[in-house]
Amino acid sequence: MKWPFLPYKGRWQGSFSELQAMETLKKKVLEEQNPATNFISILTECFRSYGSNPGMPAYSFMVKYLLQKKLHSHLPPILDHLEMSGRIDVPENFFINLIQEYGKTNMIQEAVNIFLRIPKFRCSPSALSLNSVLSILCKKNEGLELVHDVLLKAPELNIRLEASSFLILIRALCRIGRVGFAIELLSIMQQLHEYIPDSRFYSLILRALCKHSTPMGVMKFLEDMQNAGVVPSTLEYNNVINFLVSNGQLKDAYSILNRMKVEGKRPDIISYTAILNGFILANDFCDAEEVFDEMLVMGIVPDVFTCNTYISGLCKQDDFGKAYGMVVCMEKAGCKPDTETFNTLMDGYTKAGENMQAKKVMSEMLEKGYHANSRTYAILIDGFLTEHKVVESCQVLMKMLSTGLIPNSVTFNAVICCLCQKNLLSEGIQVLEEMASRSVIPDESTWGTILSAINLSCGEIAIHLEEMDLNC
């Protein structure tokens, strides 16, 4: 009896042979220890021994293995063999992964070359592979030089730029500070009527403008955003407010706050604190008071940073009663003061010449369980030095050292200079020794003061000896 002919038998045998060849290939490659091995020979011989030809899984395995082992010099023969096979339509995802791996090892030119070769592998590239190579080129300045050539080749490869391609380019332009070109590219997108830039495009440019542009440029772009129907987020508005405040444009910053409310966005504590700080730094205490009151009316509970900013403003006005009262209110409202709160109050007192009050605040702070930091002691030392109370400043310095805190060179130098100017040379030398033991380097003026004091002391001794001789 004859068995019927099974047409799928040949295909099944072929698939089985390919599986065996694949297992043999994996075994031989993984066992290979010599990096100079001819891997293309291993690939072809493993499949030839089973009467088969390597398929896409075999090439993918070889490429992945060589990339993992950083044997990049062996990749070209494998890719050439794949290109010449003529029967395998290579999927685009293979090239996207390869381009990304080239990017990880900074093989920028190789990434561009394989992108341009994609059609030779019987594969139609799309914006996906274009974006993968653009992403690599746009990450580093040396890669940006190749972007122009790649974009010129895109039409030859029948690739149309997508919105995601424009986003990559705009991000790169913003990164290198070429914000004007980024805005032009955004305008081109709008003129093509094929792409509608979303908020991501505007956010990138707005953030870059706050780093590289002027207040006028930022305000103009905000108008462009409004005309395009794009509303910045609260975070982006806060970034703009900080930028305007840092550039002294307080009125514009405050207008942003009002604009947020008109657009239905609730300004947060960061928004108000930035503007409050700006007004206080500009000594515009009237507007600062209005901002603080408005914040409370809006139901926004001040945090410790906001309170410290407000206390700083009160101290600048010598309104210490209200400033101290603010600290008490913070404790009652559950907004626990921090060390910086007391430092701010102390700094205000010392600048007003009320050093004993500052010392009292410090004592109260320590009694309440707060820890003094280097700035706490530096404020008190500077206050005493301003009143030429060098002995008191030296005592505070020694107390500071006993707690394990190390003053900066400015504080050390100031104390030493004042001691020497008061003819307290031995005490100045003692502070200098403390300074050296803590690896803090004296500056040139400190050495000059010490040497002058030493010369003066020697001169006084010589005069005293001369007087003794005359008397004899």
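Quick reminder: no glycine exception, Cβ is built from N, Cα and C everywhere.
Nobody curates TrEMBL annotations by hand; they come from automatic prediction.
Residues or ranges marked as repeat 'PPR' in TrEMBL: 198-232, 233-267, 268-302, 303-337, 338-372, 373-407, 408-442.
Sequence-remote contacts of a segment are chain residues at least 6 beyond its ends whose Cβ falls under 8 Å from one of its Cβ atoms, and for the repeat 'PPR' (408-442) they are 374, 377-378, 381-382, 385, 388, 390-391, 393-394, 397-398, 401, 449-450, 452-454, 456-457. In the repeat 'PPR' (233-267), the DSSP tally of helix, strand and coil residues is 26 helix, 0 strand, 9 coil. Counting only same-chain residues 6+ beyond the ends of the repeat 'PPR' (198-232), those with a CB under 8 A from a CB of the stretch are 163, 166-167, 170-171, 174-175, 177, 179, 182-183, 186, 189-190, 239-240, 242-244, 247, 249, 252, 256, 263, 265. Mean pLDDT, taken over the repeat 'PPR' (408-442), works out to 87 on the 0 to 100 scale. Residues of the same chain lying 6 or more positions beyond the ends of the repeat 'PPR' (303-337) and with a Cβ under 8 Å from any Cβ of it are 269, 272-273, 276-277, 279-280, 283, 285, 288, 292, 295, 344-345, 347-349, 351-352, 354, 357, 370.
Across the repeat 'PPR' (198-232), DSSP assigns 27 helix, 0 strand, 8 coil.
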